[in-house]
Amino acid sequence: MSAPSSSVTPAHRAGFACFVGRPNAGKSTLTNALVGQKVAITSNRPQTTRHTVRGIVHRPDAQLILVDTPGLHKPRTLLGERLNDVVRTTWAEVDVIGFCLPADQKLGPGDRFIAKEIAGIKKTPKVAVVTKTDLVDGKQLAEQLIAVDQLAAELGFEWAEIIPVSAVKGDQVQLLTDLLAPLMPEGPALYPEGDLTDEPEQVMVAELIREAALEGVRDELPHSIAVVVEEMLPREDRPADRPLLDIHANVFIERPSQKGIIIGPKGKRLKEVGVKSRKHIEALLGTPVFLDLHVKVAKDWQRDPKQLRRLGF
Ligand SMILES: Nc1nc2c(ncn2[C@@H]2O[C@H](COP(=O)(O)OP(=O)(O)OP(=O)(O)O)[C@@H](O)[C@H]2O)c(=O)[nH]1
């Protein structure tokens, strides 16, 4: 005799979801809201997310592994091309694609470009996530939802779901995981509970430093900063209750003329970058940190494949 279907525990599911969308669409903020801790790097400027950062949502019934990709953009440099390759490879491998579209901006060519690309990935279910709903009124939101629906219709595919969320207010964030979970394949958890991300710590530390280094100088140095953590070592001879982690990192710029911008008068700016990123790193790693930053020139690193590899791209 089989049990009534309502009492059957649904199978556990686990899989990968990735948020796509034009720069500034709110992908990183959404990833953080879903995971509940700062793991991806957010900023109010486009294209800060270079690395594929995974956040992991643990639920009793499902595990969602979120892959946060850089924004797809028109490649002008080798770096741009590599980033786009990373994005496409990621899209083909995930179980669901979440397309983030900000509620407060009319759909534009950038959105259409991405929509066309994902339309080509036939097998993968696509969920439209209308983000930043706290910035619009009901009428504007309704219009955006209709426009998003039409976008898919024009391109000959259907959204598995269309869901409005505000990651900042936490509105509908839980509902989004409820909708994504059933789209995952059946299977056991892929990561141990408690893991929030499998991004190597050094890469996350480098991102935090880069974020601080870009603060206030993005217009002058939009994509010219790369950060490499050379070493992370616990300081020897420290009492067990007062550990200290030594971190040595290099901030790479492309031209000697950019050195002054990063370092600032009498080294003031670099010092601020150090203080700020150290705070974030300490919060991330849960240990006091001594941060040693050096600024180095890696000439035209964006165009040089050897340099790119060395800088971790
Ligand atoms: N008001 C409001 N602002 C939001 C919300 N989500 C994101 N933002 C803001 O929008 C900006 C961009 O957010 P990100 O999460 O960095 O966007 P992204 O899509 O990851 O950007 P890239 O890394 O450049 O691709 C930031 O200033 C966020 O604070 C939201 O729900 N409400």
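Glycine is no exception: its Cβ is also placed from the backbone N, Cα and C atoms.
Predicted automatically and left uncurated, TrEMBL annotations should be read as such.
The feature GTP binding site is assigned by TrEMBL to 21-28, 68-72, 131-134. Annotated domain 'Era-type G' per TrEMBL: 13-186, in sequence order. Summarising the annotation, TrEMBL assigns domain 'KH type-2' to 217-299. Annotation comment: TrEMBL describes 47-51 as region 'G2'. Annotated region 'G3' per TrEMBL: 68-71, in sequence order.
Recorded features from TrEMBL, shown on the structure.
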{"residue": "Gly21", "record": "GTP binding site", "CB count, 10 Å": "24"}
{"residue": "Asn24", "record": "GTP binding site", "CB count, 10 Å": "22"}
{"residue": "Lys27", "record": "GTP binding site", "CB count, 10 Å": "28"}
{"residue": "Thr133", "record": "GTP binding site", "CB count, 10 Å": "24"}
Query raised in the report: For Lys27 (GTP binding site), what is the secondary structure state per DSSP, taken as helix, strand or coil?
Result: helix
Query raised in the report: According to DSSP, does Thr133 (GTP binding site) fall in a helix, a strand, or coil?
Result: helix
Report summary line: Reduced to three DSSP states, the domain 'KH type-2' (217-299) has 29 helix, 27 strand, 27 coil
